[in-house]
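What follows is a single structure, written as structure tokens, with notes after it.
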Ligand SMILES: CC(=O)N[C@H]1[C@@H](OP(=O)(O)OP(=O)(O)OC[C@H]2O[C@@H](n3ccc(=O)[nH]c3=O)[C@H](O)[C@@H]2O)O[C@H](CO)[C@@H](O)[C@@H]1O[C@H](C)C(=O)N[C@@H](C)C(=O)N[C@H](CCC(=O)O)C(=O)O
Ligand SMILES: Nc1ncnc2c1ncn2[C@@H]1O[C@H](COP(=O)(O)OP(=O)(O)OP(=O)(O)O)[C@@H](O)[C@H]1O
Ligand SMILES: N[C@H](CCC[C@H](N)C(=O)O)C(=O)O
Ligand SMILES: [Mg+2]
């Protein structure tokens, strides 16, 4: 007959109205993906309630519907006329997260997650690199896809639970035992990772971003705190960067939830205490103490914020069971993450071009300040702000560049469905002296052309991205490639 694996609602931890049972052949949150036997999760959305699509899911042969009272109300007529099993719960997103975990079953034995406005991808990658250096089969999961012992592309930083658990089960089947994942604020607010068993959770920092999605900064904080007060079990460990806005509050939230906390920072109360950083042209020396015992390691990474991220990764690896001394010994082998303070090209006159993913006011300020000790001349910054995203951060991004760069060039960064010149105008409010060059390739060429001996150029905002999204179309675009092209064109012309 059929070899499609099925599960009962009870197998998925769900109870239908009237005790109805159903054999489920798959899960879907989008009605357009429903096939015969699928459980369709009709979720409350930001634009529309998924309940509107229940009738369509029924026509496609859904065997069960998971929704809330509102979804059941919207589709009351169709549901009454159908033999489908209906599960009504208060929080269908959380129920879906647990059902997806039960559907796919396996996940890597040891998992950690990291949240924060900036630094998640970096911490997740460093944690994976530490594990790999210790001989473990490890991956990081997030903005740059699944990387490490097993690789796969992802469309989101924290995928919705069906994709997430499919990926975790496939990774486990490939022999991956350790995984470090990013927990975005959207992912936490939508409970995408509530079904994941985590040994530890990390926090990097909290500054402005995504206030188009979260009602205000407190709600944004609460979403991030959900990693500690909801997702991590009581035997989990929290690794908290203290030297940052809301670090103490996040630590309190973790302690109130009964978690053990590893504090990271410069203060005396920190278990992983940053004692000093010395910068040179290829990296930095990091001096720190672990429970009072002093360590010093060489990092081939540009920018002091990378040391902060490394210490959070160190805390996560220790929290998840690795031996501290063995973890410290791996650190000189850490490699920078693609598009994070990446040296993309060098001009014949020695001036360097860096590509970085700074796309928030704090990240721009941090990245520019991090470059300053490496630059004797001027710091030039090519940057822009994304369309269909938090508008409130645009002027603040301009202000960060006005404050920390010597020359600013405002350009486009994924205008999406907005008018690019409107976005640039909002950015320019924060840096009226900057030059406006809409075309990003031309902006990069202008920035590279301006480089004199001792200067450096920071191309910010796109990092590892390989496309420029204008309207609904993604045009191929790579900052690292454009930097090389510009240097070759200008220096080739000069020689
Ligand atoms: C803003 C946001 O996070 N939206 C997510 C949310 O959708 P929504 O609430 O807006 O959905 P909606 O359009 O109102 O529709 C409601 C429901 O009806 C369903 N539907 C809709 C149309 C249809 O024909 N049939 C159907 O079933 C939808 O699947 C949805 O479940 O719930 C959906 C189902 O779980 C997600 O797929 C969707 O993520 C979209 C794709 C998205 O782009 N999210 C981005 C912003 C995101 O999550 N980014 C974060 C953070 C990045 C960062 O840190 O910088 C990330 O983790 O990537
Ligand atoms: N600890 C930090 N403090 C401040 N800024 C940072 C820190 N770490 C990274 N950044 C800045 O943020 C940029 C993005 O870093 P990263 O990709 O690691 O963050 P992320 O949190 O994963 O971002 P996203 O929300 O897009 O997934 C870096 O290129 C750098 O400019
Ligand atoms: N995950 C972030 C990435 C932003 C990167 C930047 N290039 C932009 O498009 O704004 C977001 O979607 O808000
Ligand atoms: Mg990321």
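Every residue, even glycine, has its Cβ placed from backbone N, Cα and C.
Sequence annotations record features per position, and here TrEMBL assigns ATP binding site to 116, 117, 118, 119, 120, 121, 122. Sequence annotations record features per position, and here TrEMBL assigns meso-2,6-diaminopimelate binding site to 389, 413, 414, 415, 416, 461, 465. Residues annotated as domain 'Mur ligase N-terminal catalytic' in TrEMBL: 24-101. Residues annotated as domain 'Mur ligase central' in TrEMBL: 114-317. Feature annotation from TrEMBL assigns domain 'Mur ligase C-terminal' to 339-463. As annotated by TrEMBL, N6-carboxylysine applies to 224. According to TrEMBL, the motif 'Meso-diaminopimelate recognition motif' annotation covers 413-416.
DSSP gives residue 416 (meso-2,6-diaminopimelate binding site) a strand state. With respect to residue 224 (N6-carboxylysine), the closest of these binding-site residues in Cα terms is 116, chosen from 116, 118, 119, 122, 414. Straight-line distance linking the Cα atoms of residue 461 (meso-2,6-diaminopimelate binding site) and residue 118 (ATP binding site), rounded to a whole number, equals 12 Å. Across the structure, residue 413 (meso-2,6-diaminopimelate binding site) and residue 118 (ATP binding site) place their CA atoms 18 angstrom apart. Under 6 Å, Cβ to nearest atom of ligand 4: this is the test, and of the binding-site residues 120, 121, 416 it is passed by 120, 121.
With respect to Cβ neighbours within 10 Å, the binding-site residues 116, 119, 415, 461 differ, and 415 shows the lowest count.
Put simply, of the binding-site residues 117, 119, 120, the one whose Cα is nearest the Cα of residue 389 (meso-2,6-diaminopimelate binding site) is 117. Compute the center of the Cβ atoms of 116, 117, 118, 119, 120, 121, 122, which mark the site for ATP; besides them, the chain residues with Cβ within 8 Å of that center are 114, 123, 182, 204, 205, 309. The record gives 389, 413, 414, 415, 416, 461, 465 for meso-2,6-diaminopimelate. Within 8 Å of the mean position of their Cβ atoms, the other Cβ atoms in that chain belong to 359, 384, 385, 386, 387, 412, 462, 468, 469. Residues near residue 414 (meso-2,6-diaminopimelate binding site) in space but far in sequence (CB under 8 A, at least 6 apart, same chain), listed by position: 386, 387, 462, 465, 468, 469, 470.
A distance of 25 Å separates the Cα atom of residue 122 (ATP binding site) from that of residue 415 (meso-2,6-diaminopimelate binding site). Here the domain 'Mur ligase N-terminal catalytic' (24-101) is broken down by DSSP into helix, strand and coil counts: 34 helix, 18 strand, 26 coil.
Maximum intra-site Cα distance, meso-2,6-diaminopimelate binding residues 389, 413, 414, 415, 416, 461, 465: 17 Å. Residue 415 (meso-2,6-diaminopimelate binding site) and residue 121 (ATP binding site) are 23 Å apart (CA-CA, integer value). Taken in sequence order, the recorded positions 118, 120, 121, 122, 224, 416 that lie near ligand 2, meaning a CB under 6 Å from one of its atoms, are 118, 120, 121, 122.
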